[in-house]
Protein chains: 2
Amino acid sequence: MNFLEERILKDGIVKEGNVLKVDSFLNHQMDIDLFNQIGEEFKKRFEGKKIDKILTIEASGIGIACIVAQHFHVPVVFAKKAKSINLEGEMYVAEVESFTHKTKNQVIVAQKFLNEGEHVLLIDDFLANGCALQGLIQLVNQAGAEVEGIGIVIEKGFQTGGRVIRNMGYQLESLAIVESMDSEKNEIHFREQ
Amino acid sequence: MNFLEERILKDGIVKEGNVLKVDSFLNHQMDIDLFNQIGEEFKKRFEGKKIDKILTIEASGIGIACIVAQHFHVPVVFAKKAKSINLEGEMYVAEVESFTHKTKNQVIVAQKFLNEGEHVLLIDDFLANGCALQGLIQLVNQAGAEVEGIGIVIEKGFQTGGRVIRNMGYQLESLAIVESMDSEKNEIHFREQ
């Protein structure tokens, strides 16, 4: 069991409906020392890959991406989830449909911050059905840049997102993959990696 | 002129309507080395203050707050701008009215992440009229915690937010205070500090 799985067992809370709450250290309150361990681990897993830039999505991906970026010495760009008045000029826009809510959302990045030929590492906190991630991949493709790898903190292995992404040949590294959860016993089972 | 003012002059773009675009290094693409310089500077300016926690607000405050937190060795909590399904349990909610848009917004944080007696440093990227900041102060007060200081990257000195906050006795440190801007000449004048 790795450092992250141990932390999830210690501080994660399983709620009904396959909800895993990790808001005490990952996506509301943020443990920066843990984020640095996450950064070190991604650095190892993407050893030897050329990374020019990290792309993430607001809001909870941003903090992790910024700390991880220190281990790669690259800038971070975060995609926005809806059109903002501060984002003027040419933009790449990906439309993605939410599996859960059946709503359509836009994922947006300014064109000047994603360039043809750039090697991009995608970082996010959670992967479940993967709608946000699909939007990020679409943005990178629109730019003619290349997805060099995908680093996820927690993957819900019982949902489809991870399998789809791996089936398409991307190097997807999830530091913890939850295979099943039991809210009554507050039990979490991880996939052996 | 400090490192940040120099960077703003180099890469900032002045747009009509007193808009300062710094999205190439601060709030869309993020220069992590610059964020570390910002962290060092805040550490100096709040020297000797007891800081238990950094509180910021989504989305563009998060990255800066996480890097700054490394210089204070404290966790970061980010307030959310609208009620989210992932935020269950008891919450502090501040209602703030936008100066610009006349709309009412909620700023929300889980009660368990802001505790009575904690010394809190508020961090954000921009201060103009200060609605977001007023919401954060209100949350800290609701918790019975204490605002130990406020660190802002760029303050628009020609708007009212900074004066109001200083008038109330808070130690507000803005690394660059823009006194005036001219979009035709792309000129920016900073307040001497």
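For all residues, glycine too, the Cβ spot is worked out from N, Cα and C.
Just so you know, TrEMBL annotations never went through curation; they're auto-generated.
B:Asn27 (xanthine binding site) falls within neither a helix nor a strand when secondary structure is assigned with DSSP, and so counts as coil. Residues annotated as xanthine binding site in TrEMBL: B:Leu20, B:Asn27, B:Lys156.
Annotation note: B:Ala128 (5-phospho-alpha-D-ribose 1-diphosphate binding site) sits in a coil segment as assigned by DSSP. What TrEMBL lists as 5-phospho-alpha-D-ribose 1-diphosphate binding site is B:Ala128, B:Asn129, B:Gly130, B:Cys131, B:Ala132.
Annotated domain 'Phosphoribosyltransferase' per TrEMBL: B:42-157, in sequence order.
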Neighbourhood of B:Leu20 (xanthine binding site), C-beta criterion under 8 angstroms, separation at least six: B:Ile8, B:Gly12, B:Ile13, B:Val14, B:Ile154, B:Lys156, B:Val178, B:Met181, B:Ile188
Of B:Asn27, B:Asn129 (the binding-site residues), the residue whose Cβ has the fewest other Cβ atoms within 10 Å: B:Asn129
Inter-residue Cα distance where the pair is B:Asn27 (xanthine binding site) and B:Gly130 (5-phospho-alpha-D-ribose 1-diphosphate binding site), in Å: 17
Mapped DSSP class for B:Lys156 (xanthine binding site), helix or strand or coil: strand
Set of same-chain residues at least 6 away whose C-beta sits under 8 angstroms from B:Ala128 (5-phospho-alpha-D-ribose 1-diphosphate binding site): B:Phe99, B:Glu155, B:Lys156, B:Gln159, B:Gly161
Residue pair B:Asn129 (5-phospho-alpha-D-ribose 1-diphosphate binding site), B:Asn27 (xanthine binding site) - Cα distance, angstrom, rounded: 18
Xanthine site, defined by B:Leu20, B:Asn27, B:Lys156: further same-chain residues with Cβ within 8 Å of the Cβ centre: B:Gly12, B:Val19, B:Lys21, B:Val22, B:Leu26, B:Asp125, B:Phe126, B:Ala128, B:Ile154, B:Val178
